[in-house]
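Trainee: In case it helps, Swiss-Prot gives these features for our protein:
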DOMAIN    5-241  domain 'ABC transporter 1'
BINDING   Gly37, Glu38, Asn39, Gly40, Ala41, Gly42, Lys43, Ser44  ATP binding site
DOMAIN    254-498  domain 'ABC transporter 2'
Amino acid sequence: MDTILRLSHITKSFPGVKALSDIDLEIARGEIHALLGENGAGKSTLMKILCGIHQPDAGTIEIDGAARHFADYHDAVAAGVGIVFQEFSLIPHLDAVDNLFLGRELRNRWGARDRKRMRAAAAAIFARLGVAIDLDAPIRTLSVAQQQFVEIGKALSLDARILILDEPTATLTPAEAEHLFAIMRELKRQGVAMIFISHHLDEIFVVCDRITVLRDGQYVATTEVARTDVEQLVRMMVGRRIESSFPPKPVLPADAPAVLEVDALQIERDGPVNRFALREGEILGFAGLVGSGRTETALAVIGATRAHRKELRVRGAAAKLADPADALRAGIGILPESRKTEGLVTSFSIRDNISLNNLGKYRSMRWLIDRRGEARTTHDVMRRVGVKAPSIHTEVATLSGGNQQKVVIARWLNHHTSVLIFDEPTRGIDVGAKAEIYGLMRELTARGYAIIMISSELPEIVGMCDRVAVFRQGRIEATLEGDEIDPDTVMTYATAGTRGATHEPA
């Protein structure tokens with residue numbers, strides 16, 4: 001094997017936690033190598049050591065057979081290591097050219113920025129990737145996939161020979177993900193080694209050559225993709241066999257009351273009018289392609305965005321829900337798609353995040369907060385949803401994705417909501433934590449909560465939902481239930497609409 005990268009006996013501890021213990025990893029030139037493990041397994045810490053962000057307590061890094069010590073990120077970049085983080089590091093108001101050369105602008109002989117040379121170099125990089133990017137458009141106007149390609153281009157502009165891709169498909173459509181895989185294969189052909197981190201195990205079998213699995217900061221195994229399967233990988237990642245991620249679906253009472261009835265919702269003046277109902281104890285799925293109107297519908301219902309026409313009832317009573325505060329008073333909460341930026345204040349503690357929407361509940365005097373009462377409630381809801389953390393004072397930014405999602409759920413339970421909207425609830429969450437979130441959702445419906453679940457993952461729509469409203473171009477094309485909920489039927493309505501359909505929207 002033509003080894004370009006060798007990590008040997010890497011060990012790293014933080015106060016009270018041994019994050020990595022004696023980890024070995026070898027990557028070949030031109031190899032796409034998957035790094036798998038649950039959140040908290042040590043993947044991020046290992047990659048931060050490779051990037052010079054953390055220094056190991058013990059162990060060595062070799063690139064092309066030469067020992068390396070990275071005092072900081074710039075040392076790693078100089079050695080040919082590049083990383084594309086899950087959360088982009090682009091400047092939104094700058095164009096692709098300026099983002100690629102930010103802080104290292106090319107200069108002409110008079111010392112002025114040489115825009116022409118930088119633009120030509122950027123064009124050559126994107127031609128190497130085989131992607132079309134408007135070089136003069138502000139980054140904020142590009143699609144998420146195009147921004148991803150700019151991040152990859154930035155790494156290549158720094159002559160990266162080892163490229164780390166951290167959850168690169170998390171916000172991409174299937175078609176965009178396929179485009180990314182094509183780019184990865186081209187880079188592989190050019191000899192670039194890639195470390196691919198993903199919670200989507202099916203992607204591993206599409207694009208990777210070998211896999212290394214970590215668990216609880218320890219090395220488990222390295223195997224060729226052709227010699228393993230999903231079940232074996234899951235067992236290596238979680239240390240046990242997961243029979244099924246999805247809890248059994250209950251039989252809903254025929255007379256289960258409707259807790260939310262949308263009699264008419266028209267977002268645009270000339271747009272379709274949608275109608276649907278949500279019953280107590282039910283999980284209603286919103287399925288469809290990206291941009292089909294699922295999230296837009298949910299946001300319009302709670303008043304986060306305006307609608308041309310909106311007629312709805314909450315537990316039988318007409319409600320306006322002019323804004324999210326109205327929705328909250330009516331007992332409706334939302335777990336947004338971007339939990340880190342829209343659902344949490346990550347620099348706050350668990351306690352402060354859970355109390356955020358309900359501080360009045362703990363007011364002991366006009367301006368004072370009953371911290372003891374707040375702590376008791378926080379401990380209670382953390383226990384109910386299964387948040388795993390050292391204390392209620394733990395900063396949310398340090399939690400895994402699954403535990404962060406549970407903190408958002410705990411906040412809404414603390415506010416006595418009865419309707420919860422889960423928008424992409426398992427995005428960026430590992431396989432074990434997904435099963436916990438699914439189980440928690442079913443526990444909530446068993447206690448009388450009603451849930452709208454928006455998801456781009458077809459297996460969880462099929463496995464979790466009692467009924468499914470399928471969206472296409474802003475319209476609910478059909479509402480499926482029971483045996484009608486299968487992948488083929490959902491995709492037929494999502495892509496082809498009601499041509500030849502037998503189901504009516506609910």
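The backbone N, Cα and C atoms fix where each Cβ goes, and this holds for glycine too.
Situate these features within the shown structure.
Mentor: DSSP gives Gly40 (ATP binding site) a coil state; it is part of no helix or strand.
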Trainee: In sequence order, which residues at least six apart in the same chain have a CB under 8 Å from the CB of Gly42 (ATP binding site)?
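Mentor: Ala19, Leu20, Ile23, Leu214, Asp216, Gly217, Gln218 - these are the non-local Cβ neighbours of Gly42 (ATP binding site), listed in sequence order.
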Trainee: Which residues of the same chain, at least 6 positions away in sequence, have a Cβ lying under 8 Å from the Cβ of Lys43 (ATP binding site)?
Mentor: Leu35, Leu36, Gly37, Ile197, Leu214
Trainee: Can you give me the same-chain residues 6 or more apart in sequence from Ser44 (ATP binding site) with a CB-CB distance under 8 Å?
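Mentor: Long-range Cβ contacts: Asp166.
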Trainee: Can you name the residues of this chain that are 6 or more positions from Gly40 (ATP binding site) yet have a C-beta less than 8 Å from its C-beta?
Mentor: Asp216, Ser400
